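According to TrEMBL, the protein has these features:
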DOMAIN    3-117  domain 'HSF-type DNA-binding'
Amino acid sequence: SLRFPEKLWKMLESDQFQSVWWTEGGKCVAINKDLFEVEVLGREGQQVFHTQKIRSFMRQLNAYGFTKMQRNFQRSASLPEFLAEEAAASAHSQILYYYNPSFNRAHPWLSETCKRR
């Protein structure tokens, strides 16, 4: 049985899941909350993590030293661009971003240092 960080890493590297991916050049984990609940937590019989609740999954992330990040969108001066960015930002409201300095795509060996608090 793999530890939580190892399971998450395998998911990120797999093309089987569309609800979770690397961002920021492999330094952050992005999670589409609604899709993740269906695609990962809602799986019958073949659960990846030992929970069906997003809150429990987020507690696991926190327990392993992940911190929730806020996305900063640079705003454009022109009204049409600004409105387009607003629409994109609201579409991103269900995307959660998590960061852990020991969880970096470019340095896979660091994930072994992710310990439960």
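Count begins at 1; order follows the chain as displayed.
The backbone N, Cα and C atoms fix where each Cβ goes, glycine too.
Helix, strand and coil counts from DSSP across the domain 'HSF-type DNA-binding' (3-117) read 51 helix, 17 strand, 47 coil. Per-residue pLDDT, averaged across the domain 'HSF-type DNA-binding' (3-117), gives 85.
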